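Marked as domain 'SipL SPOCS' by TrEMBL: 46-129.
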Amino acid sequence: MEEKPEQDNLFELVSVEDDFQHLPSKAICKEIIKEKTLTIPKQKPKVEQLSKTLIKPSITSHKTICTPEGFKVIIQGKVTEKVFYVADKPEQSVHAAKFCFPFCTFIKLPKKTNIKDIKVKAEDVIIQLIDQKKINKCVLLCICAIPEKNIKHCDC
């Protein structure tokens, strides 16, 4: 039976994201959670301890649709993540594994709203080592639709 590694939650999180300090007051935001189990590739050594995680959420596309309930913007994106860890080897070298996974959501828009831009930010990340090859990760994303000043009518 394989021994489970001791849980140590001390690691550095670095997030590369859109600027949320200058969002207009009319921005329409939504939070979503994306949970994923990451598996360290076979060619990489087993994990002894996590050391650092780089995370970069990005928007890949968005489309505004008209429904009987009004306008909605459908948003697709991806989260790119690089996990650095100390290998379970006598020399305890540092290794990294890169992961990329998609997300999709929608935001219901107020009447007469055009979307100028979509911004995304990782608000928080919980990472837990399940075993020496698996990591459970849960990312809280904040996605904001930035409206234009022009008006669009919905006659759906």
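Positions of Cβ are set from backbone N, Cα and C atoms, glycine also.
A mean pLDDT of 92 is what the model gives for the domain 'SipL SPOCS' (46-129). Remark: secondary structure over the domain 'SipL SPOCS' (46-129) totals 0 helix, 69 strand, 15 coil, with classes taken from DSSP.
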